[in-house]
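Undergrad: The annotation active site, proton donor is assigned in TrEMBL to His178. The active site, proton acceptor annotation in TrEMBL covers Glu312. Among the features that TrEMBL reports, beta-D-galactose binding site is placed at His178, Ser179, Tyr180, Asp251.
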Amino acid sequence: MAITTKPIAVEGHDWQLYTLINKNKMSVSFLNYGGIITEIITPNKVGVKENVVLGYRDYADYLNNKTYFGALIGRVAGRIENSTFVINGDTYHVPEGENGHSLHGGPGGLHTKVFEIETLEHETSTEAVLYYTSEDGDQGYPGTVTYKVSYVLADDNTFTIRYEAVSTKDTVLTITNHSYFNLSGNLKETILDHDIILDASQFVELDEELIPTGKILPVSGTTFDFTQGRTVRGAVDSTDPQNKVALQGYDHYFIFDDTKSDAVIIKDPKSGRKLTVQTDQPGMVMYTSNSLDDSLTLQEAPSQKYLGVCLETQSSPASLIHDGFPSVFLPKNEVYRSKTSFRFEVE
Ligand code: G6D
(Lines of atoms letter the chains of each structure in order from A; the text may use other names.)
(Lines give C-alpha, C1' and ligand atoms only; values in the text may rest on other atoms or scores of the structure.)
Protein backbone atom coordinates (compact mmCIF):
# COMPACT_ATOMS: atom_id res chain seq x y z
CA MET A 1 0.00 0.00 0.00
CA ALA A 2 1.19 3.51 -0.65
CA ILE A 3 0.18 7.11 -1.02
CA THR A 4 1.95 9.30 -3.57
CA THR A 5 1.62 13.02 -4.17
CA LYS A 6 2.45 15.16 -7.18
CA PRO A 7 2.37 18.96 -7.54
CA ILE A 8 -0.03 20.20 -10.22
CA ALA A 9 0.49 23.82 -11.29
CA VAL A 10 -2.58 25.16 -13.10
CA GLU A 11 -2.91 28.77 -14.22
CA GLY A 12 -1.42 30.17 -11.01
CA HIS A 13 -2.99 27.56 -8.75
CA ASP A 14 -0.68 25.14 -6.94
CA TRP A 15 -2.69 21.97 -6.44
CA GLN A 16 -1.61 18.55 -5.21
CA LEU A 17 -2.58 15.24 -6.83
CA TYR A 18 -2.80 12.36 -4.34
CA THR A 19 -2.88 8.70 -5.31
CA LEU A 20 -3.97 5.96 -2.89
CA ILE A 21 -2.62 2.53 -3.95
CA ASN A 22 -3.58 -0.78 -2.34
CA LYS A 23 -1.78 -4.13 -2.25
CA ASN A 24 -3.49 -5.23 -5.52
CA LYS A 25 -2.22 -2.06 -7.22
CA MET A 26 -5.77 -0.69 -7.49
CA SER A 27 -5.52 3.10 -7.15
CA VAL A 28 -7.63 6.19 -6.58
CA SER A 29 -6.24 9.60 -7.56
CA PHE A 30 -7.72 12.92 -6.46
CA LEU A 31 -6.91 16.61 -6.26
CA ASN A 32 -6.91 18.73 -3.12
CA TYR A 33 -9.04 21.08 -5.26
CA GLY A 34 -12.68 20.08 -4.87
CA GLY A 35 -11.60 16.62 -3.66
CA ILE A 36 -11.93 15.84 -7.35
CA ILE A 37 -11.39 12.15 -8.11
CA THR A 38 -9.49 12.16 -11.40
CA GLU A 39 -8.87 8.42 -11.87
CA ILE A 40 -9.80 5.05 -10.37
CA ILE A 41 -7.68 2.22 -11.76
CA THR A 42 -9.10 -1.31 -11.42
CA PRO A 43 -8.41 -4.64 -13.20
CA ASN A 44 -10.73 -6.21 -15.76
CA LYS A 45 -11.45 -9.96 -15.90
CA VAL A 46 -8.05 -10.71 -17.44
CA GLY A 47 -6.19 -8.48 -15.00
CA VAL A 48 -5.71 -5.47 -17.26
CA LYS A 49 -5.76 -2.34 -15.10
CA GLU A 50 -7.77 0.53 -16.63
CA ASN A 51 -9.44 3.76 -15.54
CA VAL A 52 -13.15 3.52 -14.65
CA VAL A 53 -14.11 7.17 -14.09
CA LEU A 54 -14.40 10.22 -16.35
CA GLY A 55 -11.74 12.91 -15.93
CA TYR A 56 -10.21 15.71 -17.96
CA ARG A 57 -6.92 15.19 -19.80
CA ASP A 58 -5.86 18.76 -18.91
CA TYR A 59 -6.08 19.56 -15.20
CA ALA A 60 -6.79 23.22 -16.05
CA ASP A 61 -10.22 22.13 -17.31
CA TYR A 62 -11.21 21.40 -13.71
CA LEU A 63 -11.22 25.18 -13.15
CA ASN A 64 -14.41 25.28 -15.23
CA ASN A 65 -15.87 21.94 -14.20
CA LYS A 66 -19.49 22.45 -15.25
CA THR A 67 -19.99 18.68 -15.36
CA TYR A 68 -18.65 18.36 -11.79
CA PHE A 69 -16.44 15.42 -12.87
CA GLY A 70 -15.25 13.61 -9.73
CA ALA A 71 -16.01 16.50 -7.39
CA LEU A 72 -17.26 16.73 -3.84
CA ILE A 73 -20.65 18.49 -3.96
CA GLY A 74 -22.07 20.76 -1.23
CA ARG A 75 -23.43 22.39 0.79
CA VAL A 76 -26.58 20.99 -0.86
CA ALA A 77 -26.19 18.49 -3.69
CA GLY A 78 -28.94 18.67 -6.29
CA ARG A 79 -31.34 21.47 -7.15
CA ILE A 80 -32.94 23.94 -4.70
CA GLU A 81 -36.22 25.14 -6.25
CA ASN A 82 -36.11 28.89 -6.97
CA SER A 83 -32.81 28.99 -5.04
CA THR A 84 -34.79 29.75 -1.88
CA PHE A 85 -35.34 28.07 1.47
CA VAL A 86 -36.59 29.05 4.93
CA ILE A 87 -34.94 28.15 8.26
CA ASN A 88 -36.52 29.23 11.56
CA GLY A 89 -38.64 31.80 9.72
CA ASP A 90 -35.67 33.37 7.94
CA THR A 91 -35.65 33.22 4.12
CA TYR A 92 -32.36 32.50 2.35
CA HIS A 93 -31.67 33.05 -1.33
CA VAL A 94 -28.66 31.18 -2.72
CA PRO A 95 -26.96 31.62 -6.12
CA GLU A 96 -29.30 30.89 -9.02
CA GLY A 97 -28.45 28.42 -11.76
CA GLU A 98 -30.47 27.09 -14.71
CA ASN A 99 -34.10 28.37 -14.73
CA GLY A 100 -33.49 30.20 -11.43
CA HIS A 101 -32.82 27.03 -9.45
CA SER A 102 -29.60 26.61 -7.45
CA LEU A 103 -27.52 23.58 -8.41
CA HIS A 104 -24.88 21.72 -6.40
CA GLY A 105 -24.10 24.38 -3.81
CA GLY A 106 -23.68 27.26 -6.25
CA PRO A 107 -20.77 28.43 -8.43
CA GLY A 108 -18.50 28.58 -5.36
CA GLY A 109 -19.62 25.26 -3.93
CA LEU A 110 -17.49 22.53 -2.40
CA HIS A 111 -16.28 21.48 -5.87
CA THR A 112 -14.22 24.70 -6.01
CA LYS A 113 -12.66 24.63 -2.54
CA VAL A 114 -9.02 23.74 -1.72
CA PHE A 115 -8.89 21.16 1.07
CA GLU A 116 -6.16 20.55 3.62
CA ILE A 117 -5.07 16.93 3.31
CA GLU A 118 -3.85 14.48 5.96
CA THR A 119 -2.69 11.01 4.84
CA LEU A 120 -2.79 7.87 6.98
CA GLU A 121 -1.56 4.31 6.36
CA HIS A 122 -3.53 1.55 8.10
CA GLU A 123 -2.89 -2.20 8.20
CA THR A 124 -5.28 -3.03 5.34
CA SER A 125 -6.11 0.36 3.87
CA THR A 126 -4.75 3.78 3.00
CA GLU A 127 -6.64 6.95 3.88
CA ALA A 128 -6.65 10.61 3.00
CA VAL A 129 -8.60 13.04 5.16
CA LEU A 130 -9.80 16.23 3.48
CA TYR A 131 -10.55 19.27 5.67
CA TYR A 132 -12.27 22.52 4.79
CA THR A 133 -14.07 25.28 6.71
CA SER A 134 -16.84 27.16 4.88
CA GLU A 135 -17.54 30.51 6.55
CA ASP A 136 -21.02 31.66 7.65
CA GLY A 137 -22.81 33.07 4.56
CA ASP A 138 -20.63 31.18 2.05
CA GLN A 139 -22.76 30.89 -1.13
CA GLY A 140 -25.62 32.41 0.92
CA TYR A 141 -25.91 29.52 3.42
CA PRO A 142 -26.13 30.13 7.20
CA GLY A 143 -23.52 28.83 9.62
CA THR A 144 -19.80 28.22 9.51
CA VAL A 145 -19.43 24.60 8.43
CA THR A 146 -16.36 22.51 9.18
CA TYR A 147 -16.01 19.57 6.78
CA LYS A 148 -14.00 16.38 7.27
CA VAL A 149 -14.13 13.93 4.35
CA SER A 150 -12.20 10.64 4.34
CA TYR A 151 -11.21 8.80 1.16
CA VAL A 152 -10.25 5.24 2.18
CA LEU A 153 -8.92 2.58 -0.22
CA ALA A 154 -8.91 -0.91 1.33
CA ASP A 155 -7.01 -4.00 0.21
CA ASP A 156 -10.29 -5.71 -0.73
CA ASN A 157 -10.67 -3.10 -3.53
CA THR A 158 -13.37 -1.15 -1.67
CA PHE A 159 -13.18 2.63 -1.88
CA THR A 160 -15.11 4.30 0.94
CA ILE A 161 -16.04 7.95 1.34
CA ARG A 162 -16.94 9.08 4.86
CA TYR A 163 -18.38 12.58 5.26
CA GLU A 164 -18.58 14.62 8.48
CA ALA A 165 -19.74 18.22 8.88
CA VAL A 166 -20.83 20.48 11.73
CA SER A 167 -22.38 23.94 11.54
CA THR A 168 -22.38 26.86 14.01
CA LYS A 169 -26.00 27.63 13.04
CA ASP A 170 -29.07 25.67 11.96
CA THR A 171 -28.46 25.12 8.24
CA VAL A 172 -29.13 22.84 5.26
CA LEU A 173 -26.58 20.32 4.01
CA THR A 174 -26.31 17.08 2.03
CA ILE A 175 -22.97 16.29 0.43
CA THR A 176 -21.98 13.71 -2.16
CA ASN A 177 -19.34 12.87 -4.75
CA HIS A 178 -20.03 13.41 -8.43
CA SER A 179 -17.80 10.77 -10.06
CA TYR A 180 -18.98 9.41 -13.41
CA PHE A 181 -18.35 5.66 -13.49
CA ASN A 182 -17.70 3.68 -16.70
CA LEU A 183 -16.68 0.05 -16.09
CA SER A 184 -15.64 -0.66 -19.71
CA GLY A 185 -12.14 0.60 -18.90
CA ASN A 186 -10.48 3.70 -20.38
CA LEU A 187 -13.87 4.81 -21.77
CA LYS A 188 -13.86 2.12 -24.49
CA GLU A 189 -17.69 2.03 -24.52
CA THR A 190 -20.60 4.09 -23.19
CA ILE A 191 -22.51 2.85 -20.14
CA LEU A 192 -25.60 2.03 -22.23
CA ASP A 193 -25.08 -1.73 -21.83
CA HIS A 194 -23.97 -1.74 -18.21
CA ASP A 195 -26.38 -3.94 -16.27
CA ILE A 196 -27.67 -1.90 -13.32
CA ILE A 197 -29.56 -3.14 -10.27
CA LEU A 198 -31.00 -0.57 -7.84
CA ASP A 199 -32.57 -1.46 -4.51
CA ALA A 200 -35.30 1.14 -5.10
CA SER A 201 -39.02 0.60 -5.72
CA GLN A 202 -39.76 4.35 -5.80
CA PHE A 203 -38.32 7.43 -7.48
CA VAL A 204 -39.04 11.17 -7.48
CA GLU A 205 -41.02 12.69 -10.36
CA LEU A 206 -39.39 15.70 -12.05
CA ASP A 207 -40.85 18.59 -14.07
CA GLU A 208 -39.32 19.93 -17.29
CA GLU A 209 -36.84 22.00 -15.26
CA LEU A 210 -35.70 18.84 -13.41
CA ILE A 211 -37.37 20.08 -10.22
CA PRO A 212 -39.23 17.52 -8.09
CA THR A 213 -43.02 17.89 -8.44
CA GLY A 214 -43.53 16.50 -4.92
CA LYS A 215 -44.79 13.17 -6.25
CA ILE A 216 -43.04 9.91 -5.42
CA LEU A 217 -43.71 7.32 -8.15
CA PRO A 218 -43.48 3.50 -8.15
CA VAL A 219 -40.84 2.10 -10.53
CA SER A 220 -42.93 -1.02 -11.21
CA GLY A 221 -43.80 -1.49 -14.87
CA THR A 222 -41.63 1.43 -16.00
CA THR A 223 -38.12 2.00 -17.40
CA PHE A 224 -37.24 3.10 -13.85
CA ASP A 225 -37.56 -0.44 -12.49
CA PHE A 226 -33.96 -1.53 -11.91
CA THR A 227 -34.90 -3.92 -9.10
CA GLN A 228 -34.16 -6.98 -11.24
CA GLY A 229 -31.49 -5.41 -13.45
CA ARG A 230 -31.86 -3.17 -16.47
CA THR A 231 -29.63 -1.28 -18.91
CA VAL A 232 -29.81 2.46 -19.59
CA ARG A 233 -30.25 1.64 -23.30
CA GLY A 234 -33.96 1.13 -22.60
CA ALA A 235 -34.29 4.87 -21.93
CA VAL A 236 -32.87 5.96 -25.29
CA ASP A 237 -36.14 5.42 -27.21
CA SER A 238 -38.42 5.45 -24.16
CA THR A 239 -41.74 7.29 -24.42
CA ASP A 240 -41.90 7.64 -20.64
CA PRO A 241 -42.25 11.40 -19.91
CA GLN A 242 -39.76 11.03 -17.08
CA ASN A 243 -37.08 9.76 -19.47
CA LYS A 244 -37.98 12.63 -21.79
CA VAL A 245 -37.40 15.34 -19.16
CA ALA A 246 -33.97 13.73 -18.63
CA LEU A 247 -33.07 13.91 -22.35
CA GLN A 248 -33.81 10.17 -22.84
CA GLY A 249 -31.83 9.13 -19.79
CA TYR A 250 -32.03 9.30 -16.01
CA ASP A 251 -31.40 12.28 -13.72
CA HIS A 252 -33.65 11.15 -10.89
CA TYR A 253 -33.59 10.57 -7.15
CA PHE A 254 -34.22 6.90 -6.36
CA ILE A 255 -35.39 6.10 -2.84
CA PHE A 256 -33.66 3.01 -1.43
CA ASP A 257 -35.86 0.29 0.06
CA ASP A 258 -33.36 -0.89 2.66
CA THR A 259 -30.14 0.92 3.50
CA LYS A 260 -28.66 -2.28 4.91
CA SER A 261 -28.47 -4.06 1.53
CA ASP A 262 -26.47 -3.39 -1.61
CA ALA A 263 -27.97 -0.16 -2.90
CA VAL A 264 -26.46 -0.41 -6.39
CA ILE A 265 -24.84 -3.23 -8.37
CA ILE A 266 -23.43 -2.41 -11.80
CA LYS A 267 -21.87 -5.02 -14.09
CA ASP A 268 -20.13 -4.60 -17.42
CA PRO A 269 -20.27 -8.02 -19.12
CA LYS A 270 -17.44 -7.27 -21.59
CA SER A 271 -14.81 -6.24 -19.05
CA GLY A 272 -16.15 -8.46 -16.28
CA ARG A 273 -16.03 -5.52 -13.86
CA LYS A 274 -18.63 -5.32 -11.08
CA LEU A 275 -19.25 -2.30 -8.85
CA THR A 276 -21.26 -2.69 -5.65
CA VAL A 277 -22.34 0.41 -3.73
CA GLN A 278 -23.44 0.45 -0.11
CA THR A 279 -24.58 3.62 1.62
CA ASP A 280 -26.29 4.94 4.73
CA GLN A 281 -28.03 7.57 2.62
CA PRO A 282 -31.82 7.25 2.01
CA GLY A 283 -31.49 7.68 -1.73
CA MET A 284 -29.41 8.60 -4.70
CA VAL A 285 -29.58 10.67 -7.86
CA MET A 286 -28.62 8.46 -10.79
CA TYR A 287 -27.48 10.71 -13.63
CA THR A 288 -26.56 9.04 -16.92
CA SER A 289 -24.60 11.98 -18.41
CA ASN A 290 -27.52 12.84 -20.68
CA SER A 291 -26.25 16.37 -21.40
CA LEU A 292 -22.64 15.40 -22.14
CA ASP A 293 -21.63 16.28 -25.71
CA ASP A 294 -18.36 15.69 -27.60
CA SER A 295 -16.81 19.05 -26.65
CA LEU A 296 -14.73 17.92 -23.68
CA THR A 297 -11.28 16.29 -23.87
CA LEU A 298 -11.11 13.50 -21.33
CA GLN A 299 -8.05 11.42 -20.48
CA GLU A 300 -8.78 8.55 -22.86
CA ALA A 301 -11.41 9.84 -25.30
CA PRO A 302 -13.68 12.78 -26.17
CA SER A 303 -16.79 13.12 -24.03
CA GLN A 304 -20.13 11.88 -25.34
CA LYS A 305 -23.67 11.30 -24.16
CA TYR A 306 -24.14 8.29 -21.86
CA LEU A 307 -20.36 8.00 -21.26
CA GLY A 308 -20.67 7.76 -17.48
CA VAL A 309 -23.16 7.09 -14.70
CA CYS A 310 -23.20 9.21 -11.53
CA LEU A 311 -24.32 7.65 -8.25
CA GLU A 312 -24.98 10.70 -6.08
CA THR A 313 -25.95 9.23 -2.73
CA GLN A 314 -27.61 11.99 -0.67
CA SER A 315 -30.75 13.31 1.00
CA SER A 316 -33.22 15.30 -1.09
CA PRO A 317 -33.41 19.11 -1.40
CA ALA A 318 -37.06 18.52 -2.39
CA SER A 319 -37.56 18.24 1.40
CA LEU A 320 -37.17 22.04 1.57
CA ILE A 321 -40.52 22.35 -0.24
CA HIS A 322 -42.40 19.07 0.15
CA ASP A 323 -43.21 16.82 3.11
CA GLY A 324 -42.20 13.17 3.00
CA PHE A 325 -38.74 13.60 1.48
CA PRO A 326 -35.43 12.77 3.21
CA SER A 327 -34.45 15.96 5.06
CA VAL A 328 -31.40 18.14 4.33
CA PHE A 329 -31.82 20.13 7.58
CA LEU A 330 -28.76 20.16 9.88
CA PRO A 331 -29.30 21.53 13.39
CA LYS A 332 -26.63 23.78 14.91
CA ASN A 333 -23.69 21.84 16.41
CA GLU A 334 -25.14 18.43 15.34
CA VAL A 335 -22.54 16.33 13.48
CA TYR A 336 -23.64 15.31 9.96
CA ARG A 337 -22.27 11.85 9.18
CA SER A 338 -22.62 9.92 5.93
CA LYS A 339 -20.81 6.97 4.36
CA THR A 340 -20.83 5.44 0.89
CA SER A 341 -18.60 2.57 -0.27
CA PHE A 342 -17.74 1.45 -3.79
CA ARG A 343 -16.49 -2.16 -4.05
CA PHE A 344 -14.80 -3.16 -7.30
CA GLU A 345 -14.67 -6.85 -8.31
CA VAL A 346 -14.40 -8.92 -11.48
CA GLU A 347 -16.62 -11.81 -12.54
C1 G6D B 1 -27.13 18.34 -15.25
O2 G6D B 1 -29.27 17.74 -14.38
C3 G6D B 1 -27.91 17.35 -14.41
C4 G6D B 1 -27.37 17.29 -13.02
O5 G6D B 1 -28.06 16.29 -12.28
C6 G6D B 1 -25.88 16.95 -13.08
O7 G6D B 1 -25.36 16.90 -11.78
C8 G6D B 1 -25.17 18.02 -13.90
O9 G6D B 1 -25.72 18.10 -15.20
C10 G6D B 1 -23.69 17.69 -14.06
O11 G6D B 1 -27.38 19.64 -14.77
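In case you wondered, yes, glycine gets a Cβ from its N, Cα and C as well.
Predicted automatically and left uncurated, TrEMBL annotations should be read as such.
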Undergrad: At a 10 Å cut-off from the C-beta of Glu312 (active site, proton acceptor), count the other C-beta atoms across all protein chains.
TA: 24
Undergrad: Applying a 10 Å Cβ distance cut-off over all chains shown, what neighbour count does Ser179 (beta-D-galactose binding site) have?
TA: 28
Undergrad: Go through the binding-site residues Ser179, Tyr180, Asp251 and pull out the ones with a Cβ less than 6 angstroms from some atom of ligand 1.
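TA: Asp251, by Cβ distance under 6 Å.
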Undergrad: Within 10 Å of the Cβ of His178 (active site, proton donor), how many other Cβ atoms can you find? Include all protein chains, please.
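TA: Summing over all protein chains shown, His178 (active site, proton donor) has 24 other Cβ atoms within 10 Å.
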Undergrad: Using a 10 Å cut-off, grab the number of neighbouring Cβ atoms around the Cβ of Asp251 (beta-D-galactose binding site), all chains included.
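TA: Asp251 (beta-D-galactose binding site) is surrounded by 21 other Cβ atoms within 10 Å.
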Undergrad: Could you tell me the C-alpha distance between His178 (active site, proton donor) and Asp251 (beta-D-galactose binding site) in angstrom, no decimals?
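TA: Pair distance, Cα basis, whole Å: 13 Å.
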Undergrad: For Asp251 (beta-D-galactose binding site), what is the secondary structure by DSSP, using just helix, strand and coil?
TA: strand
Undergrad: What does the structure give for the C-alpha distance between Asp251 (beta-D-galactose binding site) and the residue listed as 'active site, proton acceptor'? Integer Å is fine.
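TA: One finds 10 Å between the Cα atoms of these residues.
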